[in-house]
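Notes to accompany the following structure.
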Amino acid sequence: MPSLRTRREEAEMELSAPGPSPWTPAAQARVSDAPAVTHPGSAACGTPCCSDTELEAICPHYQQPDCDTRTEDKEFLHKEDIHEDLESQAEISENYAGDVFQVPKLGDLCDDVSERDWGVPEGRRLPQSLSQEGDFTPAAMGLLRGPLGEKDLDCNGFDSRFSLSPNLMACQEIPXXERPHPYDMGGQSFQHSVDLTGHEGVPTAESPLICNECGKTFRGNPDLIQRQIVHTGEASFMCDDCGKTFSQNSVLKNRHRSHMSEKAYQCSECGKAFRGHSDFSRHQSHHSSERPYTCTECGKAFSQNSSLKKHQKSHMSEKPYECNECGKAFRRSSNLIQHQRIHSGEKPYVCSECGKAFRRSSNLIKHHRTHTGEKPFECGECGKAFSQSAHLRKHQRVHTGEKPYECNDCGKPFSRVSNLIKHHRVHTGEKPYKCSDCGKXFSQSSSLIQHRRIHTGEKPHVCNVCGKAFSYSSVLRKHQIIHTGEKPYRCSVCGKAFSHSSALIQHQGVHTGDKPYACHECGKTFGRSSNLILHQRVHTGEKPYECTECGKTFSQSSTLIQHQRIHNGLKPHECNQCGKAFNRSSNLIHHQKVHTGEKPYTCVECGKGFSQSSHLIQHQIIHTGERPYKCSECGKAFSQRSVLIQHQRIHTGVKPYDCAACGKAFSQRSKLIKHQLIHTRE
């Protein structure tokens, strides 16, 4: 491919050759009407390129005898040649107010010179939408600056050399009326507000630039362009390491940091290391109770400046933008525009994939990532990627330990505002989620969803081993341990292992004697909250579990299940030694001790062993002389409940034990057994 210098030489030859002039008619007319002037290099080219006025306007060094500034390899000055610094454009005089040039399209600069031919890196090339426009804004041209330095570009149709800068111009005209930013101090005009800002040295607030998409205002044209790229979804900044593209240069810089393996910032307290200084500073604030950021309005202190800024917004009363529908006021006009779409129902941003519409362009961009699978926000610590920046910020708190949301009642901090809202209901007792079937209320929506499965019978969580279904995922996880036999939770005192953490916690109460759950009626304490709930039904008399066969009610669901086996004759618990079956697992456990001879329950008074704890309790009454079971009819007391029940049959006359041979009834089972011996002798 011919070099750019070869093309420039060819262009100079073509410019001197006969044929149609490459100058625009308006430019030719302006030059022909103005008095010709000579300049350094005019003898070499033989062309009076501009008038005295124009030359002075374009080059501030003109008529300065001590200045011999020239650009690289430039023998003479054309009106297209300008210096790259912003001061040259800022010093255009009012005598040249009618001649402001428009930046050409890339294709107009040179038909056969592409961005690649110019040496523009792929990561800095312009988006397609910008490269097809007629004007290059300063921000757009800024994409082309940097590695190119001071390279001159030649156009085949002109003897013009262009430097890649915001001041690149072509021989095209823009009327003076289209320059919206006059400068009162010197009468100078600029095509872009950012040029005026650079001239004044102070950002202008009187003439802000407004985004047509969202109504947000900007002080500079580059900020506006960057905002518009967010709406279009174009990604113009490419990462050299992984090839991923981004719409903002700041995001690209963050991406570069994620590729860096070095974690330069290490905490002296805990040794944790961070790549970014902001994450490091945020983390350090959690080691100390220092809160250096104080609100001047109410005196409340914060450990982070960002938390203070969020808090200060609550004191801001000025909201000049008011909705004429509902009267709600906003601090920003863009927020009002977005709010008004709630009343109008307008959803101007439509997904081209599924047709779903959104009120905000940002929501459309987020939604579109569900189709593309794009996750542009990556954690610099662990590399995990997210589709939304908010999700990344929440995730980063896992690494930093930051908990910026603090409960005003108890001071407990949380990493997420949603968790703070849920926690606050503990103090208020609020239960906003109500079941439409039974009226029961819940503090969390997830609890309501799980509760409703009682009414619907839905069991969405299925075991992939045996196919058994469950209403709750937690119950499924517990069930799956049956198949694996895993017992990952081990007691540090006795070494006993458990399949569930809750079972380990309950077991540890045996060693500590801790019984934190107390009944407010009688003061009895329990090691498990579930046992307290069951106990409280003794006081309330509540029996919520009813048998559908006989109507009998029970205080515990397990008792109902055991009772129902009487009706269906089911005895699922079978002894593997003798084959005897039982309707309760507890009865099987007791029975198996007959085969093993195990008597784990020993009396501390006499050393006698028992296979069941209930037998030990009954035995201990012998030593204490306690008789807690008293007859309500005659006042007689007994050491065992079973003996009291037998005694009460004297008063009631109940004889539940019938002889199958003769039909005679007895109040005690032992008497029936003795009676049956009469029939066996016969």
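From the backbone N, Cα and C atoms, a Cβ is placed for every residue, glycine too.
Zinc finger is the annotation Swiss-Prot gives to one range among 45-67, 160-182, 183-205, 321-343, and that range is 321-343. Looking up the ranges 106-128, 129-151, 405-427 in Swiss-Prot, the one annotated as zinc finger turns out to be 405-427. Rounded to a whole number, the C-alpha distance linking K253 (SUMO2 cross-link) with K487 (N6-acetyllysine) is 47 angstrom.
Taken residue by residue with DSSP, K253 (SUMO2 cross-link) is part of a helix.
All chains included, 12 other C-beta atoms sit within 10 angstroms of the C-beta of K253 (SUMO2 cross-link). Below 8 angstroms of C-beta separation, residues 422, 425-426, 471-472 of the same chain, each at least six residues beyond the ends of the zinc finger (433-455), sit close to that stretch. The average pLDDT for the zinc finger (293-315) in the predicted structure is 78.
DSSP states for the zinc finger (601-623), grouped as helix (H, G, I), strand (E, B) and coil, give 11 helix, 4 strand, 8 coil. Counting Cβ atoms from all protein chains shown, K487 (N6-acetyllysine) has 14 others lying within 10 Å of its own Cβ.
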